[in-house]
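Q: Please find one structure pasted underneath; my questions will follow.
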């Protein structure tokens, strides 16, 4: 027990977490040189292509320290992006310490601060590590000051290293051994193990990553999952070195995996407690706060035959991704599909990509919206995440939109651009503090503005230097309206959007113009209108294609031409009554790309 060290690596995006973990694995001989590859822990293709970590991964390494003892290091590589902060908090719950990795060239960024506070709230020992020390622009003294000023932890003994070249890796390992406390827990107590993560393997069933708090778990034990009350026999117990390695037993303080041939997908929910069915523990461990979805979108299979496969795919993904929320939805334009809740736009993109790649599905996605609170005239308060569910205007007392508190760290020279952007997005400034060259700005912004394209715009106005961290604070009444789109007088439910009244005319105008480009011309005029209630705020017409019916009349009588033109006109009129308009897939995505 006293030689076990459990820790996580936390950092902002691109500060070198995954590379540092590669070096630690290499140094401790977890993999042979030929098996080593860059970002060995980023197991999904998407993670490698985008160069981001999405899922937390765990590794157990043996390290022979300078004092001659052999230490067992269990470490968890965590994501850095704001959308995946719940993954970070889950990883931290199974550790006693955390390495706070900061890029020695870039310094402290918003996500570093947010993840570090999460670790400090859980009473973890946080060790600052300055990475990328080999870069010419590295400035360790300035960064140490930033760590002390902005985060408020002592950085005098911060370890400097370069994960890329391998300088200072030994110092990092020694610091871990010296400063991170060993786990507390009794091996002879009844088993208590926390499920940190789980995923579905087509051959083995559910694989659970667990941290054993008390007791020990062996192959062949009968384990009880406390929330479901079901008992399963354990087939395999072991650790990741990053390869799956069977050890037959896990004792208090260790992190490893358990496979018990659980076939139903939600047999071992994340955050649950496992115990042995014969001598069970009296109380379950406190689990994790369920991550609340912030953005909702309707996703529909292009072919209705895929509906069942789509549902299975979502079930399997939601096991691996505890924050995914979904419920069936029916749209008159797109048929049957699901309303899915995500943590942010990046999360939504990743899930769409995983559905397309891993499950081979062709899907249409509607415009994402956030969750609104509606106070109706009869005193009820309902919450809606789909514009189509908004009640009639005369039944609504007020619409409340979610407000987030955004903490932005930005270099002084880009402060003006960032403030202008926040004002455009209807933000209210709450705080502004100078730390050397960095400025910490706090704004309250409507969540709908933040989740759409705020992050991209923030990066482009500050040339990539500003960083953002945000969290929900409250609902606030606002003058929101639903803009409906009508094509030849028929409402298309999948194109409706909720927006602020001040932006509604501009957005309605943009949307109908965009649709005009995307909807193919027919034999009759197509009227595209944007309306609030019965009030049309923008309209455009896709002109008809028409044949020149008088071409074959040469010379002569005007009444003959009139007769042919009248006949064409009557035909078009009949066609318009029965004809229906195909709305192409790109039109549903047009709503996403509206840039107000």
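Cβ from N, Cα, C; glycine included.
Sharing the feature lines straight out of Swiss-Prot:
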BINDING   14, 15, 16, 17, 18, 19, 131, 132, 133, 134  GTP binding site
DOMAIN    2-184  domain 'tr-type G'
Q: Starting from the Cβ of residue 133 (GTP binding site), draw a 10 Å sphere and report how many other Cβ atoms land inside it.
A: 22
Q: Any idea which of the binding-site residues 18, 131 has the thinnest Cβ neighbourhood at 10 Å?
A: 18
Q: The record lists 14, 15, 16, 17, 18, 19, 131, 132, 133, 134 as binding GTP. What's the largest Cα to Cα distance among them, in Å, rounded to a whole number?
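A: For the residues that bind GTP, the greatest Cα distance is 17 Å.
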Q: Using DSSP and three states only, what is residue 18 (GTP binding site)?
A: helix
Q: Including all protein chains shown, what's the count of other C-beta atoms within 10 A of the C-beta of residue 14 (GTP binding site)?
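A: So the Cβ neighbour count for residue 14 (GTP binding site) comes to 15.
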Q: Using all protein chains in view, find how many other C-beta atoms are within 10 Å of the C-beta of residue 16 (GTP binding site).
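A: Its Cβ has 24 other Cβ atoms within 10 Å.
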